[in-house]
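Noted in TrEMBL for the protein shown:
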{"type": "DOMAIN", "residues": "830-980", "note": "domain 'GPI ethanolamine phosphate transferase 2 C-terminal'"}
{"type": "TRANSMEM", "residues": "12-30", "note": "transmembrane segment"}
{"type": "TRANSMEM", "residues": "414-439", "note": "transmembrane segment"}
{"type": "TRANSMEM", "residues": "460-480", "note": "transmembrane segment"}
{"type": "TRANSMEM", "residues": "492-512", "note": "transmembrane segment"}
{"type": "TRANSMEM", "residues": "558-582", "note": "transmembrane segment"}
{"type": "TRANSMEM", "residues": "603-623", "note": "transmembrane segment"}
{"type": "TRANSMEM", "residues": "650-671", "note": "transmembrane segment"}
{"type": "TRANSMEM", "residues": "683-702", "note": "transmembrane segment"}
{"type": "TRANSMEM", "residues": "722-745", "note": "transmembrane segment"}
{"type": "TRANSMEM", "residues": "835-855", "note": "transmembrane segment"}
{"type": "TRANSMEM", "residues": "891-914", "note": "transmembrane segment"}
{"type": "TRANSMEM", "residues": "961-982", "note": "transmembrane segment"}
Amino acid sequence: MLSWIQHRWTALWLLFAAYGSLFLFMYGFFPLKYHSGKISHMDDLPNFINSVSIDGHEVYNSGENSVILMVIDGLRYDFATEEYMPFTGQLLKNKSACIYVSVAEPPTVTMPRIKAMMTGSVSTFADVALNFGAPAVRGDSVLRAAKSRGRRAVMYGDDTWLRLFPGMWNDSDGTTSFFVTDYTEVDNNVTRHLDKVLAPDENKKPSFDFLVLHYLGLDHIGHLEGARSAKIKPKLLEMDDVVKKIYTGMRTWHRSGILIICGDHGMRDAGGHGGASAAEVLVPLVVVKSDNFVCPHPSGPGPTVAQVDVAPTIAWLLNAPIPGDSTGRILPSLMPSDVQQHLYLLHVLAAHNAQQSPPADTEFFQQFKRAEVQFAHFLTTGQQSAAKIAKEFYDESLEDLAKYHTETTTDFDLFAIGIAIFMLYILTGALLCVTLFSFQQDPQRNTSVVRQHRSQASTIVAFAVIFFLVSTTLLISCFISETKSRFCSFNPFWTICFIAASLGIAAAYFIIKAAIERTKDLSALRELNAIDYLLIIGTLFHAWSFFGTSFIEEEHMTWYFFWNTLMFFVLVRTIVVVVMYFTKKWSGATEFQDKLDLENRMSSVGVSIVPQWVLLIALHRYLRTMNQTGDRWLFLPDTADWLNAPENSFYLEAHLVIGTVLTLGVCLWNVRHMNNFMQIHSALTVAATGCVFLYRIATSALQTRYTFLKSYDPVNIVDVFWGILTFQVLFELAIYVGMFAQCGLKPKFAYTKPKAKSEDHFYDEMDEPWNIEEVKLSLATSLSHIMYNDLMLIIVLLMRPHNVIMVPSVYFTCVLTSKCLDHKLLDSRSRRTEVVDVMSQALVHLWIGVLFYFYQGNSNSLASVDLGSGYVGLREYSEFPVALRMGLHAYAGPALAGARLFCALAAAPAASWTQYLQSVWRVINIFALQRVYQLVVYCVIATIFRHHLFVWTVFSPKLLYDFVATVFSIQALSTIGNIILITHMTSWLARLVTYKTTL
């Protein structure tokens, strides 16, 4: 197993295994909600109330109704006012309509909210992951019940409805919900059907029984420009005109028309949603009827109802049975005035909820039985006092039943969770051992010669034995625990998972064993200084801070504190070094050693390091004010709000231009590491930056006197941009392969023979002493800087204008911090500092990446995800490109900091190919260890607090963010692996081209 711990990519494979373990954990923590299988029928209506006969079908009948459900995506409660929607506001003022405060349970994204409104049951948090796929609902729903009764359903708008309920529509026209840059046509495609669908037939009846209109424009404006955008009010006025059109149309029918206007979720001021803030979960629900309707509630904000109440309300209005898994109630303003029918509906709802397996000894179940007795007494005697008591008992039991069902919707798979945590724990141990092994000064030599010659057969046998023991232990655990976990179901898929888990645990065991046996010399860690310990302790403590929910919601404050502490420590240490330098220099130090030490410590940074560091502190203080994030202080105004105000557009454009120009300057500075033959790389970099400016002009983010530039197609501009970046990489590879050698072109880095053949040395043609490793290092350096340049330009293209300044800020922070953390500067006695330098650089770049992640306005709430970045340069929705753009935009800070670190490793002075590979190996080990360590700690915390009040609003979103961060960590480290692989492939191709042409 020696090769396992010496292999450069062992950590990456262990990170893949940790990703699989996290997937298993999330499966156990976010189980998919399986429907009960109960399909409701009209025959289920009770015909006896405590042995008293009643005609259920006749009493349940609501008459002939046509129901219109108008869903305005992103409509939050404070938008439903007379200021934004005057006609609707006038209806509410005249009591011709009723408004309710509808509570949308987290996660506040579209698909779970639609399911809640149509099935009447609360969705699980796993629906967040399924929001983009929207698999068909297999359980009971209003649409299935209505179809069984022969009702005609029509849908126009968000095509999520079509994917959730296929085959349920008599007519439909879906529009994609994820192309957020369109907020005009997406609504016009819905409104254009209204004239036809609202027109009555010859009997003065509409052509539908149930009509769904789902408007997306408001939500898309929110994602692009926020809830305070100037485009919000015109869009709400447009929606108000639709309400007026529908109301006018309903009054021409000879049938009762009911219009229900609601939002599926709200939105934060920044425009996002998915979290649990009041602006996201509180949405208006307005009820409008066409015939003689007077709202029974007093004027004001209206009573609070649950979003799941929409399902039983619509089902009853359509004379269809209540969906089998529904836990909702009928909206109060639509309940009949007839006492018997009113009580019967309450009884149907309570009996329906009580049948979903609540304990019979609970107080709310007993309350239901008492209500049933009083209702029966009313049916036999007609006493109004009995009806009043029955209504009170029914209301109390329904309220408590709803709470019970909401709290018991999640069934954790604790066996799968336990296995996943154990795997993450042992993988963390394996990564720690591999990392410590790599910290040895020369890990290749610190191995026992005897052990190296252990036969391969014995190793395979030993691994098979451990694998058998692990598998047997897991198998016995499945049977002893009598778990119902699917992990132990042993169907084909889960059998593969079972075997993979056993293999992962066995491999981790052997890695730990081999690393412990061969880790002999960790003397390099003696060079750790105070700042190194600060980085290590801060990284370790950060994961454990999540035991407090506030530390999750306000995680940025932890990182701000860590970074301020680090900057203060570095400032003090740097001032001490500079003062010592000048003191000894002015005092006339005569000893040669003193002079040499002083010059060595100051040669790399210079005496200007202190004012530079002070300026960096000032820059970070400004960047910290750019975007408010977290939860507690999110409502406070920030610099981005000020910049995005219309009257401050000049300063916003200045931020955009300065940030882009500085990025161009950094890119041109990095070109010196490339084969900049005939300044081609410089020209391509300038051209790519020009595309960025053209895109900003075409999208009106940047104003210019040359108006013809605004007519350019943004999608075509972005396509040209991608072409330039691709050509840049191919051009560099072609130079290194030697394709231009025959043209007489001499690139900067070329294959040469440092020594010629002699009579004493004979070389095979393919083994001659070419400078292959030197050119490999040059190519890795070049590709790393091309990757970094391309990454910066792409992120500048994706960023909001006010955030563009952060791209060059990451570079300046990384460069200056790297200089200040140099052990030769801070520690006069440091000698062999390669290991501690790599470790401190890796950790501080991790810190910088996370710091800028929060500077950008990200948080642990789903509402902070910027969907608009996913559609830059796209004409239509496409899952993979959108996901890549959104992910790169969200994790721009970590990506830029990590890329800068790998560039520094390749361009290090006096670095060799072997030293570069050694440094890359150590950094990858550290990155993988930090990611898996944070995962295992947080999974333990999430498991402990799985019944916490904020488990779905605080702990669960953070778990999803960790999942995505793990995916992008794998992708980032794999990219470095691809760069090294390309260098080997290019070297092989050069053998076929360069060698032969120069013989």
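Any Cβ shown, glycine's included, is placed from N, Cα and C.
Because the structure is a prediction, the values reported are computed rather than measured.
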Cβ contacts under 8 Å made by the transmembrane segment (961-982) with residues that lie 6+ beyond its boundaries: 9, 11-12, 15-16, 18-19, 22-23, 26, 733, 779-780, 783-784, 787, 860, 887, 890-891, 894-895, 898, 902, 917, 920, 924, 927-928, 931, 934-935, 938
Sequence-remote partners of the transmembrane segment (414-439) [C-beta within less than 8 Å, at least six residues beyond its ends]: 5, 10-11, 14-15, 17-18, 21-22, 24-25, 27-29, 474, 477-478, 481, 483, 485-488, 501, 504-505, 507-509, 511-512, 515-516, 518-519, 522, 524-525, 835, 839, 918, 921-922, 925-926, 928-929, 932-933, 935-936, 939-940, 943
Per Cβ pairs under 8 Å, the stretch of 12-30, 492-512, 558-582 packing most closely against the transmembrane segment (835-855): 558-582
Residues of the parent chain within Cβ reach of the transmembrane segment (12-30), under 8 Å, 6 or more residues beyond its termini: 124-126, 129, 412-417, 419-421, 423-424, 427-428, 430-431, 434, 485-487, 497, 500-501, 504, 507-508, 511, 924, 928, 931-932, 935, 939, 942-943, 946, 956, 959, 962-963, 966-967, 969-970, 973-974, 977
Within-chain partners of the transmembrane segment (492-512) [C-beta distance under 8 Å, separation at least 6 from its ends]: 1, 4-5, 10, 14, 17, 20-21, 24, 419, 422-423, 426-427, 429-430, 433-434, 462-463, 466-467, 470-471, 474, 486
